[in-house]
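A quick write-up on the structure given underneath.
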Amino acid sequence: MLKTQKDKKLENNFSNNNKTKKKKNIIVGLSGGVDSSLSAALLVESGWDVEGLTLWLMKGQGSCCSEGLVDAAGLCEDLGINHKIIDSREIFEREVIKKTTEGYEKGFTPLPCSMCNKNVKFEEMLNYAINKKDFTHIATGHYARIKKSSYAETLDYKSFVFKDFLLLRGTDENKDQSYFLYSLSQEVLSRLVFPLGEMKKEETRKEALRLGLRTAQKPESQDLCLVEHYGSMQRFIDKHIEPKEGEIIHVNGKVLGTHNGIHHFTIGQRKGLGIAWPEPLYVKSLDRVKNIVYVADKSDLFNREAIISKVNWVSIEEPKQEIEVEAQIRYRSHPVKGTLIPMKNSDNPANTFKLIFEESQSSVTPGQAAVFYKGEILLGGGLIN
């Protein structure tokens with residue numbers, strides 16, 4: 001029988017990791033959404049021995065019986081596979097809630113999804129698979145892809161030393177989630193499968209309907225899990241950080257008003273400042289020590305360079321000299337050309353680099369991730385200082 005385009009896409013996704021053809025046992029992370037549901041269903045349809053795994057992340061009333069957990073359990077029953085729930089509330093509290101709170105207190109704008117991926121989600125899944133012993137792979141519903149290093153040999157990227165496994169953007173440019181995965185290790189990539197990596201979002205909905213999945217018509221979540229749980233990021237912040245009054249000052253030195261905590265602001269913010277000025281003003285910087293919010297005209301928001309710390313090199317060995325990259329400094333932003341220069345010396349910790357943009361960029365925000373690409377290959381990424 002001739003293979004359909006869908007079959008070829010799935011084959012591409014399922015054949016990039018070693019030993020895939022010999023051992024077919026896999027743990028699938030299930031959130032109760034359509035993407036993770038379809039990932040599990042496609043793996044079952046393709047002949048894998050699948051077990052669903054859902055992480056119980058949130059503390060509080062009703063969180064143990066959330067809609068996501070119920071849908072994930074029901075899906076596994078429909079597919080005839082086992083479903084396991086792991087209580088990950090303590091590690092999520094420590095690695096995501098606490099660190100996100102600390103980031104806001106320091107005047108940063110943290111990226112909770114990356115924290116969760118690095119220290120909770122994939123670690124918990126991998127440890128569970130390893131402890132089960134007979135499970136060799138893990139899978140999620142992320143829109144991203146993994147290739148072996150031989151893929152890079154077809155490209156003219158001679159300035160890089162590639163690792164065994166490469167992380168790539170998802171085929172669907174509008175849904176690509178590789179930005180949030182820059183902290184993954186080679187150990188994780190060697191066992192990881194992304195069933196949706198070659199698919200478009202509209203295809204996933206059609207496939208879910210074709211397979212009759214109970215989540216096929218479920219609306220797509222647009223928010224962080226923290227936002228879904230607390231109602232808004234503002235409520236999360238108010239619950240975890242005490243108000244502290246300070247001044248809002250124009251970069252020319254004029255005091256324009258007061259605020260109740262720098263944790264309520266982010267670089268480039270315009271709305272909600274509560275100040276009067278003839279022209280629109282934006283948050284330029286946050287001074288944690290003096291508890292000051294500095295504002296300026298939009299033209300003052302541009303920066304030509306940034307310091308990137310805690311860089312993790314996903315697909316290549318750490319460069320010892322400057323390299324040319326395409327840098328993405330926000331999830332929904334387009335990558336921009338830049339030069340990355342190592343800063344390893346007595347004044348800077350290891351894995352710290354200076355990123356010089358080819359053209360100045362607006363609202364380069366401390367706490368967010370700067371992720372480096374070469375074409376569709378994610379090279380690595382770190383935190384904007």
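Any Cβ shown, glycine's included, is placed from N, Cα and C.
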* **Among L55, L126, L166 - the residue Swiss-Prot places in the same ATP site as G29, L30, S31, G32, G33, V34, D35, S36, G141** => L55
* **Site extent for ATP (largest Cα pair distance over G29, L30, S31, G32, G33, V34, D35, S36, L55, G141, Å)** => 16
* Structure fact -> Rounding to whole Å, the Cα atoms of C225 (disulfide bond) and H142 (site 'Interaction with tRNA') are apart by 15
* binding-site residues compared (G29, G33) - highest count of Cβ atoms within 10 Å -> G29
* In sequence order, which residues at least six apart in the same chain have a CB under 8 Å from the CB of Q368 (site 'Interaction with tRNA')? -> T109, L111, I329, R330, L383, I384
* Asked: What recorded positions in the list S31, G33, L55, C116 lie within 10 angstroms of H142 (site 'Interaction with tRNA'), counting C-alpha atoms?
  -> none
